[in-house]
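So the structure is just underneath, and the comments pick up after that.
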């Protein structure tokens, strides 16, 4: 959207093609803790706090109500991510394009979480989750632009690994945190905003973006706004294949993960013991994912090939997701967590590095990544929404083979990509 390349200290071209400079090194130090906090919110709220709140309000309709809230959240995420990416691309300030949005997003996310902590009805929880979806995208959309803007191509696998470690620790650690705070959900909501705000302030001070005041914006129009939601699959087929590969795989994964608590309660039959079991299951998934994550990113940098790792990882996830269907026991759930965790960890790192090489334009990094981010954020709401439709009509069993089918489709979408190996 600009007539000049993105300005990042000491210059986008220099940074992305040469050695790491001090501001870039600091990005590596912050990306993991930032993602830990952000995805602890993503893991704890829809994975534990919200299901428990809905269960307390209406036990009989908990699955249906969770599906409604997550479905509306999915629709909001579709709009919020690319729009906020576009606004970030067009922001002109002495603090850069991303900083104002990241800082403002931290404040709004904190307020939204506090609201959810005091909500005592279905409508209030729905409004609160919408607020969280919008506010957290104030942070995530600009943050995703850091990879192509400020990180050298040769280090993107490592950066993606660090980012993925934070995502895994946050998403899965969020389940552990959520279970630990299950007896005092309001306090669980209140602790997160302060941590997020402190970390974001340190980030924008110690790893600042360069001024964007001198960059020129294309004149705003309705056509430009509508383009926010679109990257032409005809002009950029590789990006389109990567997008659909990610969205199908993640939908399959969160189809199951989003219902972990209810699956343990009703499908495995643990009842009240499910809350204390979620952290153990999450720990298995977390350890497996971190092992794969630590290997796949640097390995893809070393061999210069991303596609084979992404394809194998997707198929491994699918295999893990089928296990509880044929083995509806705690052993089956632990095997699912271990095998799917290995695939998820390997996929996160290698796919992020792969997609960073397929972005259409350096002038619209945040907008394009906002579109791509839909493929990561939408399934976190879309998966449970689809799951609710299946569970209400057919029970929990069918979601496992459906997860496998979506994983296979996700793997097949990577095969036609030509611009990267």
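The backbone N, Cα and C atoms fix where each Cβ goes, and this holds for glycine too.
What TrEMBL says about a protein is an automatic prediction, not a curated fact.
Taken from TrEMBL, the feature domain 'Major facilitator superfamily (MFS) profile' covers 21-421. Mean predicted confidence for the domain 'Major facilitator superfamily (MFS) profile' (21-421): the pLDDT average there is 84.
Non-local neighbours of the transmembrane segment (27-46) in the same chain are 20, 66, 70, 73, 109, 113, 116, 129, 132, 136, 139-140, 143, 146, 150-151, 158-159, 162-163, 165-175, 177-178, 181, 188-189, 192, 195-196, 199-200, 202-203, 206-207, 258, 380-381, 384; each lies 6+ residues outside the stretch with a CB under 8 Å from one of its CB atoms. If you look up TrEMBL, you'll see 27-46 (among others) marked as transmembrane segment.
Among the features that TrEMBL reports, transmembrane segment is placed at 66-87 (among others).
Long-range contacts of the transmembrane segment (99-119) within the same chain: residues 41, 45, 49-50, 53, 84, 87-88, 91, 93, 125, 127-129, 131-132, 134-143, 185-190, 192-194, 196-197, 200-201, 203-204, 208-209, each at least 6 residues beyond the stretch ends and with a Cβ under 8 Å from a Cβ of the stretch. If you look up TrEMBL, you'll see 99-119 (among others) marked as transmembrane segment.
Summarising the annotation, TrEMBL assigns transmembrane segment to 125-147 (among others). Packing against the transmembrane segment (125-147) from elsewhere in the chain are residues 6, 27, 31, 34, 38, 41-42, 45-46, 50, 53-54, 68-70, 72-73, 76-77, 80-82, 84-85, 88-89, 97-98, 101-102, 104-106, 108-109, 111-113, 115-116, 119, 156, 159-160, 163, 200, 352, 356, 365-366, 369-370, 372-373, 377, 381: each is 6 or more residues past its ends and has a CB under 8 Å from a CB in it.
Taken from TrEMBL, the feature transmembrane segment applies to 159-180 (among others). Beyond its flanks by at least six residues, the transmembrane segment (159-180) meets 27-28, 31-45, 47-49, 147, 151, 188, 260, 275-276, 278-279, 281-283, 285-286, 289-290, 293-294, 296-298, 344-345, 348-350, 352-353, 356 of its own chain at Cβ-Cβ distances under 8 Å.
Per TrEMBL, transmembrane segment is recorded for 186-207 (among others).
Marked as transmembrane segment by TrEMBL: 243-265 (among others). Within the same chain, residues 46-48, 51-52, 62-63, 66, 70, 175, 231, 271-272, 274-275, 277-278, 281-282, 310, 314, 317-318, 321, 324, 333, 336, 340, 344, 347, 351, 355, 371-372, 374-376, 378-380, 382-384, 386-387, 391, 396, 399-400, 402-407, 409-414 sit at least 6 positions outside the transmembrane segment (243-265) and bring their C-beta atoms closer than 8 Å to a C-beta of that stretch.
Look at TrEMBL and you will find 277-297 (among others) tagged as transmembrane segment.
According to TrEMBL, the feature transmembrane segment maps to 309-327 (among others). Sequence-remote contacts of a segment are chain residues at least 6 beyond its ends whose Cβ falls under 8 Å from one of its Cβ atoms, and for the transmembrane segment (309-327) they are 245, 249, 252-253, 256, 263, 267-268, 292, 296, 299-300, 333, 335-347, 350-351, 354, 397, 400-401, 403-408, 410-411, 414-415.
The annotation transmembrane segment is assigned in TrEMBL to 333-350 (among others). Sequence-distant contacts of the transmembrane segment (333-350), counting only residues of its own chain at least 6 positions beyond either end whose CB sits under 8 Å from a CB of the stretch, comprise 157, 160-161, 163-164, 167-168, 249, 253, 256, 263-264, 268, 281-282, 284-297, 300, 306, 309-310, 312-321, 323-324, 327.
According to TrEMBL, the transmembrane segment annotation covers 371-392 (among others).
What TrEMBL records for 398-417 (among others) is transmembrane segment.
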Interface-richest range of 186-207, 277-297, 398-417 toward the transmembrane segment (371-392), CB pairs under 8 Å: 398-417
Close approaches to the transmembrane segment (398-417) from elsewhere in its chain (Cβ under 8 angstroms; 6 or more beyond its ends): 237-238, 241-242, 244-253, 255-256, 259, 307, 310-311, 314-315, 317-319, 321-325, 354, 358, 387, 390-391
